[in-house]
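If you check Swiss-Prot, you get these features:
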- 1-134: domain 'DAGKc' (DOMAIN)
- 39, 65, 66, 67, 68, 69, 70, 71, 96: ATP binding site (BINDING)
- 219, 222, 224: Mg(2+) binding site (BINDING)
- 280: active site, proton acceptor (ACT_SITE)
């Protein structure tokens, strides 16, 4: 039997990771044909995935954070083949927040993460397809808007490197006095809501922005996206909620959130609305978000909380 052929796509910011280098060597000694490609600029992940598909690679491994995972997943989804014919997807978490990996209980250590990919059969997983003014996008984890999105977009890269997830909290605290509500209309099957909101989560996965569990019950294999809308609140209540949400206090979120679970959602806003798609901001007045069932296959832990079984 021919050895398994993998293509690891590494975020260029993590080329100095010695643990990953050693782990790659270990997997090669175990008989896996493992090639490494490093991203340097926009479009590299798309190109590397295209080459992997053309080369008949069995598994594509994203080595990086949530943005790298989403880039690689999107590049796979752009191909016409279904999940069974495309390479499976694996993840070595090397980012600052690692929101998807945390919610999925994936191991952080590179050798453990690569070993899991080798040992676990890939499972069908959904992706979110987002249609907006500037063409279609794909999202593997969470699309977010409002307060949490501004925190993520504005968090300094140097601060993230030094402080990890704490950087998001510090940035969030600095914004508490200037939370501006956004007005929009949301509609989906048997769901409609219109008004001003300060935070929004559209979840294939559960958390984003450095640990904000906006969609705590979301599953990535149910064919549905979880919707969480935090309506505008007045005065100090809004500031307090912002602190609690950023600090991961889910009790505060549960008291005020509007929730739904739908296969698709339309969002219409009179003003430009920015959604953070796994770290990539996209601005539009109209979004259509669709959960595409079983778009890819992914290697995940046996008791992964994101799988419904």
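Our numbering is plain: 1 for the first residue shown, then up by one each step along the chain.
Cβ atoms here come from the backbone N, Cα and C positions, even for glycine.
Once the Cα atoms of 39, 65, 66, 67, 68, 69, 70, 71, 96, the listed binders of ATP, are compared pairwise, the greatest separation found is 17 Å. Across the range of the domain 'DAGKc' (1-134), the DSSP-based residue counts are 54 helix, 36 strand, 44 coil. DSSP gives the residue listed as 'active site, proton acceptor' a strand state.
Put simply, 280 is the one of the recorded positions 219, 224, 280 whose Cα lies nearest to the Cα of residue 96 (ATP binding site). Of all the recorded positions listed here (219, 224, 280), 280 has the Cα closest to the Cα of residue 39 (ATP binding site). For the pair residue 224 (Mg(2+) binding site) and residue 70 (ATP binding site), the Cα-Cα distance reads 18 Å. In this structure, the C-alpha atom of residue 219 (Mg(2+) binding site) lies 22 angstrom from that of residue 280 (active site, proton acceptor). Sequence-distant contacts of residue 70 (ATP binding site), defined as residues of its own chain at least six apart whose C-beta falls under 8 angstroms from its C-beta, comprise 138, 139, 140, 141, 277, 278, 279, 280.
Shown in sequence order, 126, 308 are the residues of the chain, 6+ apart in sequence, with a C-beta less than 8 angstroms from the C-beta of residue 222 (Mg(2+) binding site). In the structure as shown, the Cβ atom of residue 39 (ATP binding site) sits within 10 Å of 24 other Cβ atoms. In sequence order, 95, 97, 98, 99, 100, 140, 141, 208, 278, 279 are the residues near residue 66 (ATP binding site), counting only same-chain partners six or more apart with C-beta under 8 A.
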